[in-house]
């Protein structure tokens, strides 16, 4: 093996007397360099986009959420809340009520999701920090709400508009015939206290209130909620926590979801996109490696007399094959490593200087990671091994 590596290294580092072969070898090296660089930059860009997209979920979704299974209402006592906060790994807990509603302002109507929260909600997530106009909820004003920027624009409602109320409308539960259509709905008026902005979907969907407004609107009792949102410690054991939480609510059927499970469709979509981009980029690498096959074959033809000399000196077919196989690997490794280095430089330049923008104020997100580096290196080397094996198999035929 040392013999084959020594000869292969000499062939790789030295120039051929034939300029055409030198050009083909350089083109093969440039092709591997370019595709490795492109693969690294593209995966880093999609890694940045994935992190950017998930950062919104981190702002409004809890670490864990307890939901009822058999109905929309979860019965929660102060004893239950105390037991939750005593669990090792749980730092904060917030009771919430969520329900679809119709918003009415002047002559405009929009469907939305009302999310009523307690005063501890701001300790569970970072939503309060995204209120860019007005203020967050205040317990002294139970009928003031905070709604998304998209809803605010579409309803043309501003902060503390004294001329008109923002009405919440939901159907009344029950059976039987209703003579007056207005009796079929419950309507609660409110004032807009603040407007938040996170993501387009969230801005166009959610409006926040205090629990009293939702209880009156939906006829919830004091111990009835839609769920409990939990903030956990960084190293919390979710599996153990879920078992302990189920013991606390042993008399009810509950479902406990992590942030990942709350956004499983988003994660699946992002992972699928990432996989498709990787496969398409890998196809480009495969095409580029045809140049490597051609370069190795041309090197074999160029070294035809040398191969015969090595054979006369005692080199067997396996050793001769190994020489050109290793030469192909050296070209692949050199092109890949240089491509990754240049790709890393481009990624770091984007991180520091924001060279490319999505909009005039939003730089294209990128993420440098060791995992991306390893994926690119393994991909190019694996395909390089196959290409080198195919090309080097022709060397033995000249012996």
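The backbone N, Cα and C atoms fix where each Cβ goes, glycine too.
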- Item | Annotated stretch (transmembrane segment, per TrEMBL) among the listed ranges 241-267, 322-348 | 322-348
- Note on the structure: Expected hit for transmembrane segment in TrEMBL across 208-227, 368-387 is 368-387
- State the non-local partners of the transmembrane segment (21-46) in its own chain: residues 6+ outside its ends, Cβ under 8 Å from one of its Cβ atoms. 15, 273-274, 277-278, 281-282, 284-285, 288-289, 291-292, 294-295, 298-299, 302, 331-332, 334-336, 338-340, 342-344, 346-347, 364-369, 372-373, 375-376, 379-380, 384
- Task: By DSSP assignment, list the helix, strand and coil residue numbers for the domain 'ABC3 transporter permease C-terminal' (279-392), in that order.
- Result: 93 helix, 2 strand, 19 coil
- Note on the structure: Across the domain 'ABC3 transporter permease C-terminal' (279-392) the predicted model averages a pLDDT of 87
